[in-house]
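Report on the structure given below.
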Amino acid sequence: MVLIRVQANLLILQLSYAQKSSELIIGGDECNINEHRFLVALYTSRSRRFYCGGTLINQEWVLTAAHCDRKNIRIKLGMHSEKVPNEDAETRVPKEKFFCLSSKTYTKWDKDIMLMRLKRPVNNSTHIAPVSLPSNPPSVDSVCRVMGWGTITSPQETYPDVPHCANINILDYEVCQAAHGGLPATSRTLCAGILKGGKDSCKGDSGGPLICNGQFQGIASWGAHPCGQSLKPGVYTKVFDYTEWIQSIIAGNTDATCPP
């Protein structure tokens, strides 16, 4: 019955918003400079462009997506404007990386998660502070905040100097199943977006946080291209399902296994 209801709603929305599809943009605005102290940017020693985001979860650990793994990763913390860096901005490199599966063998619906230990810890400052892991999973219809330095237009790419933030909603997993096809009956992911489109994470936002009611609930994983299409919400790694694994690794149990 749930699937039938979701499909019916999708059909109604598709008819309602078909004429608006050409007007879609990657919605959102510049983040408030004080709202993303936990947001980090990833780049490599070969390129200064931020290619992924990540989330500081304590002074020594950053969480991002497995598909953001690269050689020679650099981690920028305390950033807002790329052109005018904050005085307390810091750069770190990973000392260790931990995966549920290899960064080459994760799937779109499972285990797209990477935990990085910084070579040197960071201190809290005006623009740097960790966010806590979630105590409970988010509920459907929760209002969430997605953020990053990814492109703000699609399919043409326009990369901003400052991170952009947008409010999106947690949706039934069945909505993503209907939208993307090929997804299993269950997965450790969250389906999030705006059904009418216009607001979405996009290229360059991968690995960044999804914050719901003040809690770090998701890691930007993948979605449709062009971004921001109606009826094509994004898919996010569900952080709550991995909290035990994360906490075990941080505690020193490097042989900890992820949930099946």
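In case you wondered, yes, glycine gets a Cβ from its N, Cα and C as well.
These features come from Swiss-Prot:
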type: ACT_SITE; residues: His67; note: active site, charge relay system
type: ACT_SITE; residues: Asp112; note: active site, charge relay system
type: ACT_SITE; residues: Ser206; note: active site, charge relay system
type: DISULFID; residues: Cys31-Cys165; note: disulfide bond
type: DISULFID; residues: Cys52-Cys68; note: disulfide bond
type: DISULFID; residues: Cys100-Cys258; note: disulfide bond
type: DISULFID; residues: Cys144-Cys212; note: disulfide bond
type: DISULFID; residues: Cys176-Cys191; note: disulfide bond
type: DISULFID; residues: Cys202-Cys227; note: disulfide bond
type: DOMAIN; residues: 25-252; note: domain 'Peptidase S1'
type: CARBOHYD; residues: Asn123; note: N-linked glycosylation site
type: CARBOHYD; residues: Asn124; note: N-linked glycosylation site
type: SIGNAL; residues: 1-18; note: signal peptide
type: SITE; residues: Ser206; note: site 'Forms a covalent bond with the inhibitor PMSF'
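Features as recorded by Swiss-Prot, highlighted on the structure.
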{"residue": "Cys31", "record": "disulfide bond", "Cβ neighbours (10 Å)": "19"}
{"residue": "His67", "record": "active site, charge relay system", "Cβ neighbours (10 Å)": "18"}
{"residue": "Asp112", "record": "active site, charge relay system", "Cβ neighbours (10 Å)": "28"}
{"residue": "Asn123", "record": "N-linked glycosylation site", "Cβ neighbours (10 Å)": "9"}
{"residue": "Cys176", "record": "disulfide bond", "Cβ neighbours (10 Å)": "25"}
{"residue": "Cys191", "record": "disulfide bond", "Cβ neighbours (10 Å)": "25"}
{"residue": "Ser206", "record": "active site, charge relay system", "Cβ neighbours (10 Å)": "24"}
{"residue": "Cys212", "record": "disulfide bond", "Cβ neighbours (10 Å)": "23"}
{"residue": "Cys227", "record": "disulfide bond", "Cβ neighbours (10 Å)": "26"}
{"residue": "Cys258", "record": "disulfide bond", "Cβ neighbours (10 Å)": "19"}
Whole-number Å value for how far Cys191 (disulfide bond) lies from Cys68 (disulfide bond) (Cα to Cα): 20
For the domain 'Peptidase S1' (25-252), the mean pLDDT of the predicted model: 94
Top Cα neighbour of Cys191 (disulfide bond) in the set of disulfide-bonded residues Cys31, Cys100, Cys165: Cys165
Between Cys100 (disulfide bond) and Cys165 (disulfide bond): CA-CA distance (Å): 28
From recorded positions Cys52, Asn123, Cys202, Cys227, the one whose Cα lies nearest Asp112 (active site, charge relay system): Cys52
Distance, Ser206 (active site, charge relay system) to Cys212 (disulfide bond) (CA atoms, angstrom): 17
